[in-house]
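Input: one structure, supplied below.
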Amino acid sequence: MSKSSSKSTVRIYIEATGLESGSGRRRRLRGDDDVEGEARRGAVTGRRGTQRETHTHTHTQIEAKMSGRPSTSGGKKGGSSKNIAVYLRCRPVPRPSDNFTYDLQDGSTSVNIPHELKAGLINNKKEKYDFKFNGIFGPEAKQDEVFDGVAKKVVLGALEGVNGTIFAYGQTGSGKTFTITGGAERYVDRGIIPRSISLIYQELQKRTDQQVSVSISYLEIYQGRGYDLLDPEREVKQIEDLPKVGLWEDGEGKFVPRNLSNHHASSEEDALNLLFLGDTNRTISETPMNLTSSRSHCIFIVNIEVRTPGEDTVRRSKLNLVDLAGSERVAKTNIDGTILAEAQYINGSLHFLEQVIVALQEKASGIQRHHIPYRNSMMTAILKDSLGGNCCTAMVATVNMSEAQLGECISTCRFAQRVAMISNVVMVNEELDPKLMIKRLKQEIRDLKEEIGILKGGGAGAEEEQEVREGSQMFNHIKQQIQQYIGDASASAKLNVGGSMSYIRTAFQIFKGFVGNPKFSGGPVGVGGSEAPKAQDAKALEEQCKKYKLQIQQRDNEISILVSMMKKRSDVEGVQALPQPKLRSSAEPALRSPAASPARQRLKSPGGGKENLAQASGGGAEDMDVLANTNLLADRNKAFELFRKSYRKSEAIEENKILLKEKFQEAKSLGRVVSECKQSISGYKASIEKRRMERAVQEMTDGGGEGQDQDPEEDLLKSKIEREKARYKEGFGKLRGLKREIEHIQKILENSRNKLQSDFEHWLAVMVRQQQGLIRSPVGKQQQERAAVRQAWGDTSNSTKKGKLATGSSNIAKSLNFDFEVDPVVLQKAKPLLTGNAEADRDIIKFYQARHKLVNS
Ligand SMILES: Nc1ncnc2c1ncn2[C@@H]1O[C@H](COP(=O)(O)OP(=O)(O)OP(=O)(O)O)[C@@H](O)[C@H]1O
């Protein structure tokens, strides 16, 4: 922050940010005028510009900046318009349809729907749907590629003060959670949220010249209601236990979540712990009934505040990472009860999202739209800025390329095309921080008063007498020191005038006087001083005094404006803290009371990544039967051992353990390198010391003659030290990164272990009940139990299947909720070896069934 002392308004220097990658566009912030300089910077690369823009703010502008709204004169002129970037991600499926094609190079995709598929008619004609995306990620795309392609620039933008939003949209099971949160088990499967966290803290380590504060909120919107996923105090068993979140409209058209906790995260570890906590609460608020589908929208919010010491401004940005609920059509999915109610809510809120998108799309294509229906649902209200507002937004459309899902693919792609037409105004959110400004202005006043004291020889007002006396004494004291300094010919002469800027300025002024006139005796006559200023000097000084006095008066005025604004703001915040009227939503009727609705259970599976019990255990069908039919169940340890062996996620746990081991090894060898560097540096330093001693002794024995200034040997040692230092620094940086990775993997392992334990408990309870013949439970329970046993079989299928269970069938038959009749005898006799892959197993069982029929006939 620099200031100018010659203008009557507060001047602040703001570096502008261009969002185009590396383009360094020149822009001006809203509310700014009097631009004296230029600023160039590529926000995406995080470079800081060297030139700066100077902005002079009037009081109205200060007020506007502080409240975050554009001032009348500035408006939104600083923002650049940017369309929402849309990307397509195709999840891997066993049999991708040939009717779905894409071109990774040019980001285009085509879906061919044969007419006979479409209308049930025999017709060889194909109907082709073409779509265009900013980028496409095929089934083989890795999480890091998706992060680099979609999220990196948005996250870096957020660190520059630009709001960012990334959201995933697509049908159930198409990989939204996998993209946003990531797989819960494998470190390499980390999604956009954990990777964004890592990137933010990596960047912060580089920005040592800034004070950055990061805080996190995690909001879940379930059946139109907001829930705070971050409540460390509370024991959460059901979604109803989570604190509820409302919406508050701030009077400027912005919707602010009310009662949503915001947690300071001073390190990457803190932030990841918050993510894990939120995901755990997301998990707990579900029931095992669900087979992996998320029935809620989740928004992970990262609030970033950046201050640069010495500047009055603060940059505030918000990064929303959004995992929307599945966009499947209710009619297709044969669902009822709670699932239907949830689907209706989901479809309702997605419908309102679509309405907003359509309205914005129409607006973008020139149709006059005065009203965008943001307030119809909580989700659209919260995402208002992200959709057509001040935000850099990216969307990932996720699709399942199976033949049966082509219709959903088309509707997802269509939605994405509309989104792509929406343009946002992207700008740096920079505000004056009144606290910083007051502090700086007060310091300025102190400095100015000191200077007045220095400059004013006499005739000061009574109230200034003391200051003048002090100022004058200070001037003479500095002058004396300078004279001593100049008079001291020794190389060790030092001048120390103190840390105050006014002392330093005075010292320079005196130096200037000496340079211009070696016999200079200028400076004020202190009250008790002896040296009189020359007449012309006195006049100039008088002028300067007047100017400073005027400045003091202006600073005083500004401070009083700022103080009154702060008061106003804290009054408003006080009002905010009071219960606010609820945002009315025509779309979201009042919820039934949770207690009155036992069926209102969450359907998302545990694990955050929506893996559920169905995926818990893979293979081991025989084991499971053996277990169910013997007394093994009575021995918990043995049962656990068996369960663990056939647990599907054991593979991921083992993988993570191996990865952890590798990381530890890497850390160990890096640690060795770092300590070797340290030792080498100490060794070289000792050698230099030794050489110096030897040289000194040599000089003495040589008769005290002048030694050579340069010692090539010492120079060589010094360059070696520099090299080792660079190696040390590099190794240390890598070690720090490794530490973060190790902590993350350890956390994943800890979560997996907890999950293994809880899956085991659940599975055991089901098996024991089955063994005791208690399986004839109510329908909901049966579903849960079936789900648990399916999990034991590792059925990862994600779609809602309507299967008929053969009565009296074996555990296997019960466990497989297939969409065809399974003859229990087939399974009893054939004991097929299953793979754990739902589709393959279905084929195997069909084969056995046909074989059995054939044999019987
Ligand atoms: N790109 C991918 N690579 C590997 N596995 C994936 C990928 N995408 C999705 N999956 C897997 O597919 C399953 C479903 O994915 P996910 O839960 O992310 O779907 P979703 O779209 O969030 O579903 P819903 O809307 O029901 O919540 C998960 O087991 C997930 O691990």
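Cβ atoms here come from the backbone N, Cα and C positions, even for glycine.
The region 'Disordered' annotation in TrEMBL covers 1-81, 573-621, 777-806. What TrEMBL lists as compositional bias 'Basic and acidic residues' is 50-62. The domain 'Kinesin motor' annotation in TrEMBL covers 83-422. Per TrEMBL, the feature ATP binding site maps to GLY170, GLN171, THR172, GLY173, SER174, GLY175, LYS176, THR177. Annotation comment: TrEMBL describes 584-600 as compositional bias 'Low complexity'.
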Taking DSSP three-state, what's GLY170 (ATP binding site) in: helix, strand or coil?
strand
If the criterion is a C-beta within less than 6 angstroms of any ligand 1 atom, which of the binding-site residues GLN171, THR172, GLY173, SER174 pass it? List them in sequence order.
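So the answer is THR172, GLY173, SER174.
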Among all the protein chains here, how many other CB atoms are within 10 A of the CB of GLY175 (ATP binding site)?
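Result for GLY175 (ATP binding site): 23 other Cβ atoms within 10 Å.
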Would you please pick out, from the binding-site residues GLN171, THR177, the one with the fewest other Cβ atoms within 10 Å of its Cβ?
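Among the binding-site residues GLN171, THR177, the sparsest Cβ neighbourhood within 10 Å belongs to GLN171.
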Could you tell me which of these binding-site residues, THR172, SER174, has the greatest number of Cβ atoms within 10 Å of its own Cβ?
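Comparing the binding-site residues THR172, SER174, the most crowded Cβ belongs to SER174.
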Express the predicted model's confidence over the domain 'Kinesin motor' (83-422) as a mean pLDDT, rounded to an integer.
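Averaging the confidence scores along the domain 'Kinesin motor' (83-422) gives 82.
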I need the least crowded one of these binding-site residues (GLY170, GLY173), counting other C-beta atoms within 10 angstroms of each C-beta.
GLY173
